[in-house]
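Noted in TrEMBL for the protein shown:
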type	residues	note
DOMAIN	208-682	domain 'Anoctamin transmembrane'
TRANSMEM	217-242	transmembrane segment
TRANSMEM	248-269	transmembrane segment
TRANSMEM	322-345	transmembrane segment
TRANSMEM	365-387	transmembrane segment
TRANSMEM	408-429	transmembrane segment
TRANSMEM	441-463	transmembrane segment
TRANSMEM	557-584	transmembrane segment
TRANSMEM	605-632	transmembrane segment
TRANSMEM	647-669	transmembrane segment
Amino acid sequence: MDRGALGEGKMLQGSLDSSGPRFTPLVVVELASDTKEEAIAWILSRIRDQQQNGGAELLVEQLGPGVGAQEKENPNMFLVGATRQRLLSGAEEVGLFKECNDGSMRGFTCANKHNFKDFEGDGDSFLNMAECQYIIKHELDTLRAKDETHVPGHTQVKLYPGKSIIRRLQSKGILIQIFPLHGQEELKRLSFSWYKKVKLSFQPLDNIRHYYGEGQALYFGFLEYFTFALVPMALIGVPYYLFDWEDYDKYVIFAVFNLVWCTVILELWKRFSASLAYRWGTLSRKKAFEEPRPGFHGTLGFNPVTGRKEPLYPNAKRQLRVYLVSLPFVLLCLYLSLYIMMIYFQMEGWVLSFHDEEPTFWTGILMFIPSIIYAVVIEIMNLIYRYAAEFLTEWENHRLESSYQNHLVLKVLVFNFFNCFASLFYIAFVMQDMVLLRQSLATLLITSQILNQFMEAFLPYWLQRRRNKKMIRKVQKRRTVEEKELPLAEQVRLEADMSTYLVGTQGLDSDLDKNFAIMIFGFTNLVNTQEEIMFPSVWLCPCFILSQGTFDDYLELFLLFGYVSLFSCTYPLAAVLVVLNNVTEVYSDAFKMCRVFKRPFSDPAANIGVWQLAFEAMSVIAIVTNCALIGMSPQVKAYFTESETQLILWTVAIEHMLLAFKFILTFLIPDVPKHIQIKLARLEFESLEALKKKKMLEASDLSKTME
């Protein structure tokens, strides 16, 4: 384990008395407060047992009571760690890629450990804290039931041979959460270099990856790349806004630039992300065999691939749920969104007629009110639909997490796209009112950015600050004011109460359920109630609290990309506003990761996944939209005064040519840079050669034995 992780462990242990843990605590396991004693003993024994006996071979101790401990505190919280040798063998099991002495990235093996860079002595400084926590999480996830028929003390919780114990405990509510601990000293250093100093420089992506893992670092890398990619458009947009603002027809050049821009930046991003993934050792890393989701249920049967007993659910029944329930529900939501959009246009018409009758300064201000109200309604509808989409996708009972994610992303993207952009398409192509299009785009963009900053940064910070103050006041009753560091027990309980940051989409979560309940029932004061263990004991605001994660962050960037690529030719300042938003987003996201949310487990991602396809689909729509806007411009119509049919045919022909150019460009620009392709090919060749030599040695040994 790295020296930073060891240093953190020593610091944490130093905060305890003699009853503290005798190892570096890395991960916290919290069981339900009503878990039976025999169940706890069984779970701990399985975690401690050696691997050959079916255990995880990890170190685990119960967390001691906090300062001024109260009865409402959950006593079933456990600290988990591992020996150095166990972590190294775990690194080999998970296929961790590390840099070799020759500069190449290879899968770590204990047999060749001295061939890897930074492996010195016993390997204390070889693995960083995030990698150690990921290994522990993997070992816990691979715990399998043996001959037990049920969890001891909980006869209703059945167990099946070969099935994941952790997933079963999660689905039955015995296991509340597993989360990695923050490393306070390392977190302070990262915070200082990341967001505490306002400066014009690149983000410390390697430090982010070192602390949070590749998945999180790739998100911040994409956010940074997207921001810099917007700079040329912003630089063109400012003079375009200043000199051609009153001439609404001169947007053809800007639309042409949009066409090229949205295609090129996505192709270049794939190359940049491949370079990052290779440098971090995830580009050629093989995915582990995907196990069923914790929430998956069905009749017990045998998996033909693994031969293990597991729930089976008919695919035909799932498809019926998708097409007969989920699809009609999505269409109903789209119709509701369309209905609300028409109400918005009626409000716009009423305000416009009122302004035309008696134009004053205040009626001019009043003209923006319908767009602002509509923007707020859009955000609320997106929030409510997000919960409904997660509920439906959970109800569809998908077996694999990847399938669940794909169906959820599709539902959310379709509705968000329609809800956010339908009014703009209607104004542009039905009403053909470029003045109203510009006004609506500006209002929607600015209002959504303000709401997102409030929801993602200010409100979570305010809630967490109240929790922190309550915890610190409780600690200071027993300790001197000069002691700034919280004891380990209090630090763990403080982090346990923090909001969960979900890496990817991880299905319905307890935070989502309780926050949606708060959203529905309004302001809820739960102090001094029996439910205080489940709910934070602070005043919670309706509508704006949901568990956040990379899903929400990528979704926000996806919508901003849509605003810029689809209609920014009619509002050149859109790119400027998005650049300013992204700059503040970097600092607010960094702040919430370091101060508001639990530390997420490392996600060894090689790219941004399904979001790459989502952005590329948006770029295709952007080409069609911008071509249509160009065809509608008076500058182009002046060349086709005699026949409107010719104008339509030429517009469609040019649009098809640009789409063909986009797909040709996709093939011409390789996703992986040439020098990385060579390194990967060399690694594959050397692996095949090593395998060939191994087989030859085995054959030679076999022949000698037969002689």
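Even glycines carry a Cβ here, placed using N, Cα and C.
In this chain, the transmembrane segment (605-632) lies in contact with the transmembrane segment (248-269); the count of Cβ pairs under 8 Å, excluding pairs fewer than 6 apart in sequence, is at least 3.
Below 8 A, the CB atoms of the transmembrane segment (408-429) and the transmembrane segment (217-242) form no more than two pairs separated by six or more positions in the chain, fewer than 3 in all. The stretch from 217-242, 365-387, 441-463 with the most CB pairs below 8 A to the transmembrane segment (605-632) is 217-242.
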